[in-house]
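Chemist: Checked Swiss-Prot, it gives:
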ACT_SITE  112  active site, N6-AMP-lysine intermediate
BINDING   32, 33, 34, 35, 36, 81, 82, 110, 133, 170, 289, 313  NAD(+) binding site
BINDING   407, 410, 425, 431  Zn(2+) binding site
DOMAIN    590-670  domain 'BRCT'
């Protein structure tokens, strides 16, 4: 081996060992100055001899070429959220649900870091890719930025790790680093960050990884994700798996503890809450998980969260401040929401100047007036709420909050339907506020999926009066789009081309794009499959709508009301005249509904067709496609990297087929 290569390999190994001692073992072994000298020498050698640069070189952490945009990554298995407990009774109820189903439960308690959840995949021990949580199914590719975080190993240490290891954890910004960053922002005249979480998220989502590298981000793993090609058995407990990750060089919080009783969980919670301000990072609660992996699989999942874990949040922090005025905002569905404008107050780690008052009933319940001193709480440390007034501080000139009878944006009549708390503008797409949100929704990924039509583009199109309804999008020309700020002809041409391409869609997507209240993707798909023709949907009675799966009385009334509004029908007719089309849906006769009455579940990664297509084809055969396995499930389709759903199906004796068997079934049916 070349002498220079030997020196470079030795430097790489030495620096990576120091990184492990500093970030994983919390036991730095050399002064910072000596560490900097080692990095400087390796950087110089790599510049002169790039052919000898190692894949796990620590110099990769300084950042590379800036990206134009983030690519999308589909997670190997969904990154679910957690249910919350806000008081001891909530956790006691969670514990009862657990102990009713499994015996001898140990819990792992972990600090709930206030950062950004990420997935990091190692293949053959080398960091291959990293992604944000995103919507749980699809995240953004942040591999280049994650490589710059010094506490994250570019290469796993030791041996015995599987061929593929997915590590899930939280990227955060330590409090001290946050203060330094904001001081730097102030000195440059730049905007400061509100809190460490925002700073971490903003730093991690930089298109230029050099910016990420310049900010001191940290990382702690909190779980294993997908594992493939194990050379030895994996640990059978959550705590054991975290220990295994540490042995491979992945940092795990030293605050993680195993408890064997409810009392010890409460003691852990009280202890870490008391030490919260002294920790080097922000936390907003404690995550509590069943330790035994087999018991986790027995307990399973609900739609978006595991049954075996919960986030036990800290009590919201409260402060008093002055309610100076109330504005009324109008949302996409016309909901008129009163927003309190407050004298700015620092509460729960951020400065709060606005808080929702929800609706007229809430204003009446609180008895609040303009000029009152109010108590602000950050519920779950996220959403500012007015929870009470301080009557003794009310001034003589306090003013009643008068709910508007006309929309503050378009002056249409504000209506409040019987049985609903929310008042709504009746203006529909005539209302500019609804118009903006409606067009954003219309162009969104799950609706017509107009590539490049982001929120800021929509806002400019409306502000410049180029667009008033979704139908107007199809009249845009490249030259008119260039009127937008910083919009070159090439970009404008691409947007117009994307709009034209979006004319070909599906009936389900078109229905969803209209923004009918309570009509999400699933309901839109059910409506399309049931009626097969748009004209039948828009003329359907409430009684006919109630025949559709998952459509109840309230949703049926919302649909009927939407199609009874002349301005909505006018826009729909314009859209159809603009050339929006979709494939004809053939009404299957009863003999073709071979899966009618059956409940199917999909899990894992499908390689021959995407999950939405599989779901649609199963529904076309009469099946109901559910999100979780139960004793009522007739069949589970297990794709690659199938996880807990497969284990649950096997436990319950549910029929399991692979993707090829599904394809054979669908091909035979077609």
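For all residues, glycine too, the Cβ spot is worked out from N, Cα and C.
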Chemist: Going by Cα-Cα distance, which of the recorded positions (82, 112, 133, 289) sits nearest to residue 431 (Zn(2+) binding site)?
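Modeler: For residue 431 (Zn(2+) binding site), the spatially nearest of the recorded positions is 133.
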Chemist: In the structure shown, with every protein chain counted, which of the recorded positions 112, 133 has the densest set of Cβ atoms within 10 angstroms of its Cβ?
Modeler: 112
Chemist: Cβ within 8 Å of the Zn(2+) site centroid (407, 410, 425, 431 excluded): which residues?
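Modeler: What remains near the Cβ centre is 330, 334, 408, 409, 411, 412, 414, 426, 427, 430, 432, 433, 434.
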Chemist: Between residue 410 (Zn(2+) binding site) and residue 133 (NAD(+) binding site), how many Å separate their Cα atoms?
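Modeler: Distance (Cα to Cα, whole Å): 38 Å.
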Chemist: Kindly state the mean pLDDT of the domain 'BRCT' (590-670) in the predicted structure.
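Modeler: Overall, the domain 'BRCT' (590-670) comes to a mean pLDDT of 84.
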Chemist: Count the residues of the domain 'BRCT' (590-670) that DSSP assigns to helix (H, G, I), to strand (E, B) and to coil, and report the three numbers in that order.
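Modeler: Helix (H, G, I), strand (E, B), coil: 33 helix, 18 strand, 30 coil.
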Chemist: Select one residue from 410, 425: among these binding-site residues, choose the one with the most other Cβ atoms within 10 Å of its Cβ.
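Modeler: Of the binding-site residues 410, 425, the highest Cβ count within 10 Å belongs to 425.
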Chemist: Name the one residue among 82, 133, 425 whose Cα is closest in three-dimensional space to that of residue 112 (active site, N6-AMP-lysine intermediate); these are the binding-site residues.
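Modeler: Nearest in space to residue 112 (active site, N6-AMP-lysine intermediate), counting only the binding-site residues, is 82.
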Chemist: Express the distance between the Cα positions of residue 407 (Zn(2+) binding site) and residue 133 (NAD(+) binding site) as a whole number of Å.
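Modeler: Taking the Cα atoms only, residue 407 (Zn(2+) binding site) lies 38 Å from residue 133 (NAD(+) binding site).
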Chemist: Let me check the 10 A CB neighbour count of residue 431 (Zn(2+) binding site). How many other CB atoms are there?
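Modeler: Residue 431 (Zn(2+) binding site): 23 neighbouring Cβ atoms within 10 Å.
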Chemist: At 10 angstroms around each C-beta, which of the binding-site residues 82, 407 has the fewest other C-beta atoms nearby?
Modeler: 82
Chemist: Give the distance between the Cα atoms of residue 82 (NAD(+) binding site) and residue 425 (Zn(2+) binding site), rounded to the nearest whole Å.
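Modeler: About 35 Å separates the two Cα atoms.
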Chemist: List the same-chain residues at least 6 positions away in sequence whose Cβ sits under 8 Å from the Cβ of residue 289 (NAD(+) binding site), in sequence order, or say none.
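Modeler: Same-chain residues close to residue 289 (NAD(+) binding site) (Cβ under 8 Å, separated by 6 or more) are 107, 108, 110, 238, 296, 308, 309.
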Chemist: Whole-number answer please: how many Å between the C-alpha atoms of residue 425 (Zn(2+) binding site) and residue 133 (NAD(+) binding site)?
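Modeler: About 35 Å separates the two Cα atoms.
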Chemist: If you run the three-state DSSP split on residue 112 (active site, N6-AMP-lysine intermediate), which class comes out?
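Modeler: Strand, per DSSP.
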